[in-house]
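Asker: These came from TrEMBL, pasted as-is:
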DOMAIN    211-644  domain 'Citrate transporter-like'
TRANSMEM  63-89  transmembrane segment
TRANSMEM  192-216  transmembrane segment
TRANSMEM  223-239  transmembrane segment
TRANSMEM  259-279  transmembrane segment
TRANSMEM  291-309  transmembrane segment
TRANSMEM  374-396  transmembrane segment
TRANSMEM  490-508  transmembrane segment
TRANSMEM  514-536  transmembrane segment
TRANSMEM  548-570  transmembrane segment
TRANSMEM  590-608  transmembrane segment
TRANSMEM  637-666  transmembrane segment
TRANSMEM  678-699  transmembrane segment
């Protein structure tokens, strides 16, 4: 990066400046800081032209409203939840339910797992829950309703598995445990205060509130996810299902966080070698100065890699290269990055290991018995995703037809604007704990003001010209090769060696079941190896490159999605989908079921995390296929679920993990894109790819009868 103010580090700026001079700089710096405080409101007001008093009033109203909601949610968390735990029992009488709507039972014991375990088990536990409604004005006699809950037992009784079920209750309940011999069991019961429909409504309102905060950028997306998770936990406490702190911590997927953290460390050290600049120049040379062939090559490579690697890993490796390449060509990196992450999500659906929903499907033992194993799943999905990719490239070109990929200003002005943004972000990250750090922060803020003044002067004399594709690309390549070289070849060899081992272990983990190392462990071990080999002395510099906001966002998102699942949102979607399929005419039921499962999965995965949604829909679809009255094959439904869950991630910015990671890295480099910027490109691509995937499913299962 060119420094337009070389006097920053000169002797004229003495560390022993007078107090008056230091105070003046701090006042100047505070002006810049005050601008950053209203950044979120300015983004929200991008759609409206507001005067200063109205802007100040809206900002104050926003702060007060959010603070009141947080306080109310925090106070709501103090509701007391009574849980009773006991061992072997024949009968339990529960009569003090008052006006509670639901009874939630959790039984722990040596149970079997799987959907077909009931038919295969030799021993089982039968829990009978009896609801008694006394005679009243509407009925002349007492009415009793009996619920039977059958749980298969493990033959060796070596471990304890928890089973949970919710029953609709009115007044009094008796629970009976029937078995021919003594079995150690534990049971907890709790009363819930609202119906399932009310819980789903609360969950929908919370999810809508989170999306409003993110779409209009009222607060940062990390804070929006944290506020949403707090509201969801408060809702659980309100209905009587308040989880403990240990339970909430267990909801976080630490394997994903470990994978992100380890790969962030690897990429941070890798970037010090100049390898990303070198790759950018080589990509420019391969495209012969033409932008669209270069974008197509990058998207295709990203799609192929993501079919075998995790999508997050692919984008963490591709995003820095793409940003540097766009800086070299004076392109806007945002559009190129969005195109890459879209094709990464498409490519991840091609194999059984490319996307987490696919891994969940092929790991299910009941589905393996139905013939959906690694080879069958990959073979079917690979053919369909190839068809989707072929149609995606021309559609992407059509979406970008009127978009100016080149920056409208000269490269000098674009670089100056980006430099101002980077200096401002650097100044805000400094914590003024000492006088020297305060002085450095003030100097950086003074630097920002000087660069802004220089930018205003250049804009006055600048005649706007839209850049065209390079005609002298061969000469430019020679200049770029002199300027962008590998800076540390020894460190590059170390990085390539460690990264190669890590990627090789990723492949082994996907194809060799005997390796019990998870992806998170592999990434953490790779980061430790490289930290030792690179002999990093200043560890703080590496930690500054870690996207802590992204890690916190994922942690809060995991808690939010699990809380919404406990509010019955995901189960309700699955049950309503099954109900709609059952009422369809028999001759059209399979086609309508494929379409319905496909689009419900796509739309749901664009709004909520596709991992818990897939895990919830699998047993729903298995039960649906085993229903003799419905008579549907399981394979078309599962393939529709996989296609929709994977391709639906392109619908919104938080629909897939790779989207959030790419946005976080781009924001760190000063090229962050908003929710709406991604939505304008991602959602049409999601609709088109899902339509092609639906046609492929209908043609193979309805036209060619592959399911038979």
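From the backbone N, Cα and C atoms, a Cβ is placed for every residue, glycine too.
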Asker: Test of understanding: applying the rule of at least three C-beta pairs under 8 Å (pairs 6 or more apart in sequence), is the transmembrane segment (490-508) touching the transmembrane segment (374-396)?
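Answerer: Between the transmembrane segment (374-396) and the transmembrane segment (490-508), contact is absent.
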Asker: Between the transmembrane segment (637-666) and the transmembrane segment (548-570), are there at least three Cβ pairs closer than 8 Å, leaving out pairs fewer than 6 positions apart?
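Answerer: As far as Cβ distances go (cut-off 8 Å, pairs 6 or more apart), the transmembrane segment (637-666) and the transmembrane segment (548-570) touch.
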Asker: Three or more CB pairs closer than 8 Å, sequence separation of 6 or more: does that hold for the transmembrane segment (548-570) against the transmembrane segment (490-508)?
Answerer: no
